[in-house]
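Peer 1: If you look up Swiss-Prot, you'll see 1-33 marked as transit peptide, on the strength of similarity to another entry. The Zn(2+) binding site annotation in Swiss-Prot covers C120, H128, C143, C146.
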Amino acid sequence: MFMNSMLRVSRQRAAVRSTVSLYRGFVSASIRRNEQNVVKAAAQELANAKEPSDLIGPGGRDGEVPTDLEQATGLERYELLSELSGRDAFDMKPLDASRKGTLTDPIMVTSLDPYRHIGCTGSPSGSHNLIWMTVYKDKLRRCPECGSVYKLKFMGDPNAEHSH
């Protein structure tokens, strides 16, 4: 009795698997036949990158290990191309810690988003432990330890949609 039910189940599974594998083989074969091989040259300088597909590297040549620039794609490639052209892609330099920001003369923080996370270590730099804060567009933010004031300078597109 048990053996008969096991044989019946195994026959059903075998039938389903063969149907699925035939279907998958047929679908992928038709896609491969209709696919056109369009090879586009990758941008080697930031000025030549006009659209997101330009930020896909060419990859390594056969038999060679690719360099970072050949292999990088997307934001990593954008950062590498920016460094080659002498620009700081993501504005990673530290904030001005030579002075304290005041309500009339705050320390300006640039951002492409309507907010940015910053860390304050006081003025002069290192005078207190690191305190993390979030600075929002159109609002001043004061460090609770040293009293330095920060303001966000929004440089992004105000009509941009969030993509997540």
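Any Cβ shown, glycine's included, is placed from N, Cα and C.
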Peer 1: Counting only residues 6+ apart in the same chain, whose Cβ is under 8 Å from the Cβ of C120 (Zn(2+) binding site)?
Peer 2: L95, H128, L130, I131, M133, C143, E145, C146, S148, Y150
Peer 1: C146 (Zn(2+) binding site) has how many other Cβ neighbours within 10 Å of its own Cβ?
Peer 2: 15
Peer 1: For C120 (Zn(2+) binding site), what is the secondary structure state per DSSP, taken as helix, strand or coil?
Peer 2: strand
Peer 1: Tell me, if you would, which residue among H128, C143 (binding-site residues) has the fewest other CB atoms within 10 Å in the structure shown?
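Peer 2: Counting other Cβ atoms within 10 Å of each of the binding-site residues H128, C143, the minimum falls on H128.
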Peer 1: Other than C120, H128, C143, C146, which residues of the same chain sit close to Zn(2+)? List them in sequence order, counting a residue when its Cβ is within 8 Å of the Cβ centroid of the site.
Peer 2: T121, G122, S123, S127, I131, P144, E145, G147, S148
